[in-house]
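Structure, as structure tokens:
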Amino acid sequence: QLHSDLDKGVGSVKYTLSGDGAGTVFTIDETTGDIHAIRSLDREEKPFYTLRAQAVDVDTKKPLEPESEFIIKVQDINDNEPKFLDGPYVASVPEMSPVGAYVLQVKATDADDPTYGNSARVVYSILQGQPYFSIDPKTGVIRTALPNMDREVKEQYQVLIQAKDMGGQLGGLAGTTTVNITLTDVNDNPPRFPKSIFHLKVPETSHVGSAIGRIRAVDPDFGKNAEIEYNIVPGDGGNLFDITTDENTQEGVIKLKKPLDFETKKAYTFKVEASNLHLDHRFHSVGPFKDTATVKINVLDMDEPPVFSKPMYTMEVYEDTPVGTIIGAVTAQDLDAGSSSVRYFMDWKNDVDSYFTIDATEGTIATNELLDRESTAQYNFSIIASKVSNPLLTSKVNVIVNVLDVNEFPPEISVPYETSVCENAKPGQVIQTITAADKDLSPAGQRFSFKLSSEASNKPNFTVHDYRNNTAGIETRRNGYSRRQQELYFLPIVIEDSSYPVQSSTNTLTIRVCRCDSDGTIQSCNVEAIFLPVGLSTGALIAILLCIVILLVIVVLYVALRRQKKKDTLMTSKEDIRDNVIHYDDEGGGEEDTQAFDIGALRNPKVIEDNKIRRDIKPDTLRFTRHRPPAEDNTDIRDFINQRLQENDVDPSAPPYDSLATYAYEGNGSVAESLSSIDSLTTEADQDYDYLSDWGPRFKILADMFGEESYNPDKVT
């Protein structure tokens, strides 16, 4: 209540209220000054209000006292329960953890005033989840309450946590949340085989490296703690098999390391050990984290292909051995219980296989053609063996045949030598060292001997010195050589090998005499240098030769141009490049005229006769048309005319040249029929030539000539 000292209680004073919540939250009695709350207050929404009050004279409306300010504070009551703002919670703890292992800390928030009373003092407790877990009532830390909780027994736990204010006293408000706790795995369980013996059946034809069976040990752990490694314990049959781990299923996959043979051994027994890869030292006291089982494998008998006695056969044969000579044999056997006969045949792949044949029953290999070591030194082919009882079962083996060399080629000088000797050479001087080569396969210690031929040994020019190491030196035998007397010497050298039979050849070495200085350095070996004057150098000689060649080229070009010009003149005067057209000043004698035009020009247009004399014949009186069958032997002329007609028809730039020529036969099948008036029944005056205008641009000139001018008999000559 507000009250002014000037208020006498007669109603002369009026009280007013302003500030936070005035008129909405709080109201004042204008006469008595009592302040009332007109709605519920919430401390958590607004803890205090600042208001201003004033006493005013009712009559004058003037303030009786200065405006005064006051604060209304909202007193807290316990009207808010604790809340877990981060709930529900998810936590994990390793299995087999000791009592008191930390799991998680939860926290509840109370909106009440923590400075006033116990409204905001929260106490935590577990409503569900005991006896596995416990919680600190003040801090909210959750810990394990039981030792050795096993994930393999129970993995998931749901704990219900309560937070209560008023210090947990009766009448306090409470809130709850859920904590989902998972036990994480540790390697506390060793792998165990579900049975002590595993039986497997494997065909003897199983391929090396193939999987022949699977075994599995069970580990209840999870993830990497359940990873298992399998090993074969050394013992019976362990060296024939191998085992690996399937990473997806953690199974042991047994694979074959070596081929199996039912006839050799029918069963194998060995032990397999399964152990964990990732061990936990805290559980070593539990016992060894591994287990052992026995694997028994029974080999199944299968129908197998024949087996060769060797994995590969190597044979040798001399070249030029007669066809049909046996060079060796292959052997294959059927090792199955019911032994079957074996047949052999070549595995034809290329033409090389045709050099040999094999006996289908005995397996002997013989030559089928003559062999040449220099052509092919080694042959490689395959032999296939099949069972008579089951031809589909086959096996293959490689055969290598080495062709041995027979000494059939003589040795020769290895490379062509360019040998020279100085004019001032001294006797005994080595001018060339030569070596030899043999096309035959030279055996170890092959030696070549060198000597002069019998006809050259008597000449006092050069000699051959054999160094006994497959080389020889050419030495001079006289003092000085003259290029003017003899420029080239041909030295025949005989080379022999040491094989049987001995082969030899005569090789000619060309020796050129050269001019050298006093030190033996070659200065010139050209023959023309002998005849040159002393003052004329080689460069000057080359320049003179070039000038002569240029003059000869100019003369040849000039003569060729003169001949070409003369030929072009004759061609222009004697040939008509427009399809060999011949012009006449008057009308010829028709088909009977064989002198006015030579039919040979049409039979071979490329042949043009010079100085052909024209003899015109006056046309006879008009007579009836004579139908003459085309000559059967003039197909070449017909083809020529058709070809030239087609070329001009498709050429739009070719002008319609008019010409008159005599042919060996009258054409047929023309749409325009005959244009000649020689054999016409009527005269030109009786004919209408207007149809020439419909034949196209090639007949335009004829249409103009016969269409516009009238026929005048006096003009006919």
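Glycine too: its Cβ is placed from the backbone N, Cα and C atoms.
TrEMBL labels come from automatic prediction, so no person has curated them.
Quick look at what TrEMBL lists:
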{"type": "DOMAIN", "residues": "4-84", "note": "domain 'Cadherin'"}
{"type": "DOMAIN", "residues": "85-193", "note": "domain 'Cadherin'"}
{"type": "DOMAIN", "residues": "194-308", "note": "domain 'Cadherin'"}
{"type": "DOMAIN", "residues": "309-413", "note": "domain 'Cadherin'"}
{"type": "DOMAIN", "residues": "413-531", "note": "domain 'Cadherin'"}
{"type": "TRANSMEM", "residues": "530-561", "note": "transmembrane segment"}
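The predicted model assigns the domain 'Cadherin' (194-308) a mean pLDDT of 87.
Applying DSSP to the domain 'Cadherin' (309-413) sorts its residues as follows: 5 helix, 48 strand, 52 coil. Residue counts for the domain 'Cadherin' (194-308) under DSSP, split into helix (H, G, I), strand (E, B) and coil, are 13 helix, 54 strand, 48 coil. As a summary of secondary structure, the domain 'Cadherin' (85-193) carries 3 helix, 45 strand, 61 coil according to DSSP.
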